[in-house]
Amino acid sequence: MTPPAEVEEPTKAREGGIPQSRRVVLTRLAVAVLGVLVLMFPMYWMIRTSLASTAELSDLPVPLWPQEWLWRNYVEPWKAYPFARWLTNSVVIAALSVTLTLAINLCAGYAFAKLRFPLRNVLFLLIISTLMVPVQVIMVPQFQIVIDLNLLNSTWGVVLPRLAEAFGLFMARQFFLGIPDELIEAARVDGAGHLRTFFSIVLPLSKPLIAALVIFTFMWRWNEFVWPLIVLTDPNAYTLPVGLQFLISQFSTNFGPLLAMSFLSILPMLLVFAVFQRYFVEGVARTGLK
Amino acid sequence: MTTQAPTAGRTARGSAGRGAPRGGPRLRLPRRGPANAALRAERWAGLVLASPALVVFTVFMFIPLALTFWYSLHRYSGFGRMRWIGTENYRNIASDSTFWKALLNTVLYTAITVPIGIALGLGAALLLNRVMPGRGLWRALVYVPVVISGVASGIIFLRLFDPITGILNQLFTGVGLPAVDWQGSGTAALVSVIIVTTWQGIGFGMVVYLSGLQGIPGELYEAGAVDGAVGWRRFWYITWPMLAPTTFFLVVYSIIGSFQVFDVVYVLTRGGPGTSTTFLVQYAYDQGFNQRRQGYAAAIGVIIYVIVLLFTIAQWRLSRGRDEA
């Protein structure tokens, strides 16, 4: 049976060779807008609540639009808690993690993809086999190692253990496998050493890989919770997610300031996403299936 | 290495499927024989480039993994001496009702969230794959929850789920439904966790499915249209089978992810009320860092590891079987 909507006046709008009638396009658009509105409502409600007083929030039903704009929900907790400090910690940890993850994974990924050295395949399999180890499985001894290295409450205690994550290495190796051997051999014939070939021929070709690695490492480390929660016990050393969960107990049911701080904590990530969202989407496609 | 039977079918598959380089430059050096200078240079370069990763993985992954097994055979508070107790932790786990509840919760949660997440991700992808005004914006907005931390998501929904002033219950009572005690009753708490993690995950599923849809050649649809495959038939006979590898990847990825869910639960319910939202990783964390039973926590870790490992082997076997079918 052919739905009548499919045959009447096919428009030029087509993908995969499927004609769509104007009515179908409009129906799809309506469903999309409705779906996005539902998905975005919690975000709107966070911002709306962040500007409300406790009185306004207990006045049922809570009005959909703010009746007053209570900016002190943002100002007062910012002053009362080391929020700027948490922000700085998060930025430092994310920046260090991204830089080191990139350096380690690009080098190792290239070695595992293109260079022959003893035990190469065994080592790669060993590393890849850890791809699915949940952090919670190894956190007890990892915690002990961090204590032994005297890294409790330090930035390095958060950063270093999470560098041992096979995802980036796997991604990098897959990407380098796709670079033709002929290109590398040509550079070698021209007299470039292996390291020189890597740094001046291969790396400049790796911008899509680097973009995807930067974006995902930044996102994962910025949002990371359980590991910083364990390593950072001093409130001054907290990252934003850890600080945020600390604020839950401080504000209890005083939702205005709590949601103001929640919004502030996700704002940097939202800005990064707004600027680079095209790469986020491409990055998932690349890492997910290739 | 399998011995290749030189049947026609095999050879055809082999040349199609294994045409890609299997890694490593094709060396024109003699494979056997004296290692010459070029080979030595390559080995040296390989080891230099790989060594930072090897050091990091040894110190922070392989040693902790080995230690997890070692700790799981001890009684250990995290301070002072460890006491060897053999398999006592495992025997205690076997008779620990909270552990079994946590395992059941984890499996139940996985069985519910994975199909829902896949269905919604696929729905969003199918909807937003076609040309429509503002398509890029809708795609980006669906992806927004993915980039928000689990803690912030938990707090946002804590507000929405508030039993008295939360908007969800206002909505429910507004249309004549009873108010739900989201954090007070076990089933509702589990549902609330499922709602939040589903909200977080739709965007990821959508993007993966979008890239899968992009891989379906348009000619298939044109040929299908000639044979009368339109509407739902087009979906069932062309789109869905062509998306099988994508679906498979997402199922595996989501199951592994759902065994690790932590932050949303930590913020939203802390595993409660009672043990109704206690998952395996919650329980391991609680035992190790609140109850200070690090040996016991390590044993739970070993069990999580074994489950994930068995599952990974099973899916690997399955996917190989499917490729060869």
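Every residue, even glycine, has its Cβ placed from backbone N, Cα and C.
Predicted automatically and left uncurated, TrEMBL annotations should be read as such.
The compositional bias 'Low complexity' annotation in TrEMBL covers B:1-15.
Positions annotated as domain 'ABC transmembrane type-1' by TrEMBL: B:103-315.
TrEMBL lists B:1-31 with the feature region 'Disordered'.
Remote same-chain partners of the transmembrane segment (B:47-73), defined as residues 6 or more beyond its termini with a Cβ less than 8 Å from a stretch Cβ, comprise 82, 84-87, 89-90, 294-295, 298-299, 301-302, 305. The transmembrane segment annotation in TrEMBL covers B:47-73 (among others).
Beyond its flanks by at least six residues, the transmembrane segment (B:107-128) meets 135, 138-139, 142, 190, 193-194, 197-198, 201-210, 212-213, 235, 239, 243, 247, 250-251, 254-255, 258-259, 261, 279 of its own chain at Cβ-Cβ distances under 8 Å. Here TrEMBL flags B:107-128 (among others) as transmembrane segment.
TrEMBL lists B:140-161 (among others) with the feature transmembrane segment.
What TrEMBL records for B:188-210 (among others) is transmembrane segment. Beyond the ends of the transmembrane segment (B:188-210), by six or more residues, the same chain brings 105, 108-109, 112-113, 116-118, 120-122, 124-126, 128-129, 139, 142-146, 148, 150, 153-154, 157, 161, 180-182, 243, 246, 249-250, 254, 257-258, 261, 264-265, 268-269, 272-273, 276-277 to within a C-beta distance below 8 angstroms of the stretch.
Annotated transmembrane segment per TrEMBL: B:242-262 (among others), in sequence order.
If you look up TrEMBL, you'll see B:295-314 (among others) marked as transmembrane segment. Within the same chain, residues 65, 67-69, 71-76, 82, 85, 89-90, 92-93, 99, 252, 255-256, 259, 280-281, 283-285, 287-289 sit at least 6 positions outside the transmembrane segment (B:295-314) and bring their C-beta atoms closer than 8 Å to a C-beta of that stretch.
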